[in-house]
Amino acid sequence: MQPPGPPPAYAPTNGDFTFVSSADAEDLSGSIASPDVKLNLGGDFIKESTATTFLRQRGYGWLLEVEDDDPEDNKPLLEELDIDLKDIYYKIRCVLMPMPSLGFNRQVVRDNPDFWGPLAVVLFFSMISLYGQFRVVSWIITIWIFGSLTIFLLARVLGGEVAYGQVLGVIGYSLLPLIVIAPVLLVVGSFEVVSTLIKLFGVFWAAYSAASLLVGEEFKTKKPLLIYPIFLLYIYFLSLYTGV
């Protein structure tokens, strides 16, 4: 009877590990196959992803960009156009009541000029000056722009520190006295003497309101050189209204 031999070598299956010595580890090679895993995220996601890829490949990826809402894009229309109705109303009161004793900060008309307020005043004055002739509107606006430019250049020559926008705003707002006397002239138009006095009063009112804002202390003895052309400018505005 033969003695029992050594037990047979254990052959590992696919699910077992095989331990080898470090000397034999250098001769080992192989690969691990990745499992085929598929996720079903729905047909809509696949279509959207395909469309996105298609657009990006052809340079239209900017169509897919989503911008955050900017609070500045939701401003009211008046704010977008830089129209401050309260500021315009305050400036109108400053022009119509130029007396310093009333306590208005009249320098705001000069120091904080705007465009829409004077433009509205000039357009309103043009409308009441039509007399069936629409070309009067464009003519009055032209006189406003170039008349203000003349006053601006004269003020700069005399040494005044004033901008063209400031002159444009002051001259435009100061047309308000002529607008105020317009309905009065319709009533007393048949009385020549009274009508003439009202016209002179309106011109002096407008010229004083504009000159008191534009003529500063820097002019000193040169004030008449600037007040006189302002007075002539409003006489011309009045002549466009009365048809003289």
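Yeah, the Cβs are placed from backbone N, Cα and C, and that goes for glycine too.
The topological domain 'Cytoplasmic' annotation in Swiss-Prot covers 1-113 (among others), and the record cites a curator's inference as its basis.
What Swiss-Prot lists as topological domain 'Extracellular' is 135-138 (among others), and the listing cites a curator's inference.
The DSSP breakdown of the topological domain 'Cytoplasmic' (160-166), given as helix, strand and coil counts, is 3 helix, 0 strand, 4 coil. Residues or ranges marked as topological domain 'Cytoplasmic' by Swiss-Prot on the basis of a curator's inference: 160-166 (among others).
The average pLDDT computed over the topological domain 'Extracellular' (188-195) stands at 83. What Swiss-Prot lists as topological domain 'Extracellular' is 188-195 (among others), and the listing cites a curator's inference.
The topological domain 'Cytoplasmic' feature in Swiss-Prot is assigned to 217-223 (among others).
Annotation source Swiss-Prot lists transmembrane segment at 114-134 (among others), citing sequence analysis.
The transmembrane segment annotation in Swiss-Prot covers 139-159 (among others).
Residues or ranges marked as transmembrane segment in Swiss-Prot: 167-187 (among others). Beyond the transmembrane segment (167-187), the same-chain residues lying 6 or more positions past its ends with a Cβ under 8 Å from any Cβ of the stretch are 91-92, 94-96, 109-110, 113-115, 117-119, 121-122, 124-125, 128, 144-145, 147-149, 151-152, 155, 195, 198-199, 201-203, 205-207, 209-210, 213-214, 230, 233-234, 237-238, 241-242.
If you look up Swiss-Prot, you'll see 196-216 (among others) marked as transmembrane segment. Away from its own ends, the transmembrane segment (196-216) comes close to residues 95-96, 98, 106-107, 109-110, 151, 155, 160-162, 166-167, 170-171, 173-178, 180-181, 184-185, 188, 223, 226-227, 230-231, 234-235, 237-238, 242 of its chain (Cβ-Cβ under 8 Å, at least six residues beyond either end).
Residues of the same chain lying 6 or more positions beyond the ends of the transmembrane segment (224-244) and with a Cβ under 8 Å from any Cβ of it are 125, 128-129, 131, 136, 139-140, 143, 147, 150-151, 154-155, 158, 160, 171, 174-175, 178, 182, 185, 199, 202-204, 206-207, 210-211, 214-215. Residues or ranges marked as transmembrane segment by Swiss-Prot on the basis of sequence analysis: 224-244 (among others).
Each residue of the topological domain 'Extracellular' (188-195) gets a DSSP state, and the totals for helix, strand and coil are 5 helix, 0 strand, 3 coil.
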